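Pulled from TrEMBL:
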- 50-164: domain 'Glycosyl hydrolases family 2 sugar binding' (DOMAIN)
- 183-285: domain 'Glycoside hydrolase family 2 immunoglobulin-like beta-sandwich' (DOMAIN)
- 293-591: domain 'Glycoside hydrolase family 2 catalytic' (DOMAIN)
- 614-670: domain 'DUF4982' (DOMAIN)
- 690-844: domain 'Malectin' (DOMAIN)
- 1-25: signal peptide (SIGNAL)
Amino acid sequence: MKIMTRLKTKLSALLPFIGLLCAQAQRDMKTINDGWFFRKASTENWQPVNVPHTYNLDAYSQRNYYMGKAFYRKSFVLPDVPQGKRCFLKIDAASKAADLTLNGQKIGSHAGGYSAFTFDITPYIQKNNTIEITVDNSRKDITPISADFTFWGGIYRDVWLITTSEQHFNLLNHGSDGIFISTPHVDEKEATIEIRSEITNDATEKATLEVIHQIYDPQGKLQQTLKQLLSVKAGETQTVRKTSAIGQPQLWSPESPRLYEIVTTLRNPKTGMELDRSTHKTGFRWFSFDGEKGFSLNGKPYKLRGVNRHQDQAPVGVALDDEAHRRDIRLIKEMGCNFIRIAHYPQDDALVEACDEMGLLAWEEIPIINIVPDTPGYDDNCETNLTEMIRQHYNHPSIIAWGYMNEILLTAPGPDRPEWPACRERTVKLAQRLEKTLKQEDPYRASVMAFNMTNLYNEIGLDLVDVSGWNLYHGWYVGQLNDFNRWMEDQHARYPKRPTIISEWGAGSDRRLHSKHPKAFDFSIEYQQTYVEHYLPFIEGTEYISGCTYWNFIDFNVAARQESMPRVNNKGLFYNDRTPKDVSYYFKAMWRKDTPVLHIASRDWPVRTGDKNEKHPVKIYTNLDEVELIINGKSIGKQRPANCHTVFNVTLPYGTSTLKAQGDKNGQMVEDVMVLRLDAMPDLAKGDELAINVGSDCAFTSDVSGLTWLPDQPYSKGSWGYIEGKARSTTSEIENTTDGPLYQTWRENLRAYQIDAPSGTYEVELLMADVSRSRPQLANLLGRGDDGQAIADSRFNITICGRRVETDFSPADGGHYRQAFRRRYIIQNKENKIDVLFETLKGKCHLAGIKIRKL
Ligand code: GCB
Ligand code: CA
């Protein structure tokens, strides 16, 4: 008896190899990413490329990147054109639309830049083949049409050539492979698994077939084999369903992402020959969203802690290889996230697979953003995109929510406008249509939508979704930090039953800008930290908030964005190259309970300028109870962090210092070490350059020269500073400079700028820009920090050390609006002071920066 069982086990272990012997009957899949030729419609030259590829690397340098058609072409030889086989071409993404021909014959089109599509190319394939694909990223009937990211054109994911038998799973179902696995019921004792498979018979005769599902547990042990016989007529596709119970399921969660594997095979029951095979993974988990209690996973309250993820990375744009997607999920996990919003569009299969495997719950969405246009075909395309997303990623246990609209009233005409009723109606109509489709496609996941800072969404019926996402930027684009708490409290009081999640919140930061008095829109590293340190404790401490996704995991490309880093939205917790910003360690300290976190948060501010008697803030992000700071071997003392951070105010010697933070977690010593440099205040007598970022509380360090422009201050005797005037700023882009932020802050209506300095010959350099006639900003900016109009076309005289250097002057002379104006004057200082006097003739005189050097 025993021997018999053993023998059986051995035989079943051999079965896969027996399967291999019939390899010619199985599914063959290979990428054909290599050896393509490419040209834009605007050029004649074909250029060799590999996919993934985007034709919008111009988005890194140009606001108006190329929008239009481009052509891809590839030739390949199939030495043996398979007989009795089907061939498919699968493209994982071509943005935004693609028309395909094979050997001169049209094989089909696809609309939608973020999902896969497959064509049966059997009728057209021959020995020598040429595929031609026309891609177009300018189509207005395909979403997205307006959004805060670049609409990268190109074939930017994999291209596959797939060969199957004439009987196969239905590869033509919206880019999926025709196998759909769901877990309609799960609890600790038992789970139900339902597998729906679609089988196509492309032969000319009816076929009797067998579908076999082998379910392996997370340890790789075969748990169940489910079999089903069916007969499929020639040319037909049939759907079969199989439901089964799994006792004592090993549950999937971000903390232990246990995956079951389901191997589905199609066989000829007479010959035993395997015809097709596909492997999927599933996980058993259950969840709920509640208006009072927030989210719960597998029966326990569970705060969703996450980030939004855009997919681009310089210098390749969105043409990332799979390993880069997996790397991102690893970094996100490492930070302590258990959740991700795959925003604003479906992303690579590799990313979603990594969520399953490494353990991240996910919200995925299609990119219907800012406004629903009145464009024929748009709604249909939206619905198709939604269906594709759901079918393609249906089997992933990580996904718990599908989304379909983001801030959809942002650029819609307001209720006071005549266009409003029609716009409102079509928006609500589309939402209702998509909500219905979503639930038909997938009754087991939540529907979500992201609202922005207006209650209109509730009032007009866009609250039809299961979960309301709020994109809230109080203390950034609008109002004060506390307005965030008030917003949520008010929402909860009005709609206590409605599940909510903070789907976006974020502040921008630029490594070149630092401030001891950070404020919204100064783009300092420090303000972003202040912002998140305010929001996160409220989110964590408020039960009814299901969780959050910070905006954004990375600094990402937006060709149209201006601000301190044109072409970049710099709200990332990581730089675009995936280097962590210090602020990411705040999240890690808040969210990782399983490991000690101790990080000196000054990697983004490693060089300071100041006096050695002055106090310099050194912030530590940590989840330890107590931290000691040691500078150059000497203890500065111990501090007890609150809200996962503490700031030591320390004096530093000039030059480099070694900073060591240390503490212990349950007897385990933890430390972090970094080197920080303090540069002395510039000494004019020594030939140093005294550079001042006029009109700003931020020090600015140029990427190019490394020179630090000091924060501005009022003049006092023996020192330097402004006399009178008002500080102003703009987010308008400044051209012809890499030091934009210097010019984006200025002082206007100042009487003078004075520097007390020993007599001698000096070089005095003035920086300014007339930032009026700004280019239209993105809708997202909501107008904070745009003072440019105030100085429009101002004219003034400038006198330095008694000598008139400019008369009836404007930095915009010659039409140079928004351009960096920088001019040096050689000056004789005879009275131990350099005074720059302004005399306004028209508008308001202004100054954005000043630099002095003794010759
Ligand atoms: C939003 C949008 C997102 C933007 C973000 C921002 O609300 O949903 O696409 O990138 O704000 O940074 O302005
Ligand atoms: Ca300035």
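Cβ coordinates are placed from backbone N, Cα and C, and glycine is handled just like the others.
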DSSP-derived helix, strand and coil totals, residue by residue, for the domain 'Glycosyl hydrolases family 2 sugar binding' (50-164): 7 helix, 52 strand, 56 coil
Segment confidence, the domain 'Glycoside hydrolase family 2 immunoglobulin-like beta-sandwich' (183-285), expressed as mean pLDDT: 97
Selected stretch (most C-beta pairs under 8 A with the domain 'Glycoside hydrolase family 2 catalytic' (293-591)) from 50-164, 183-285, 614-670, 690-844: 50-164
Helix, strand and coil counts within the domain 'DUF4982' (614-670) (DSSP): 0 helix, 39 strand, 18 coil
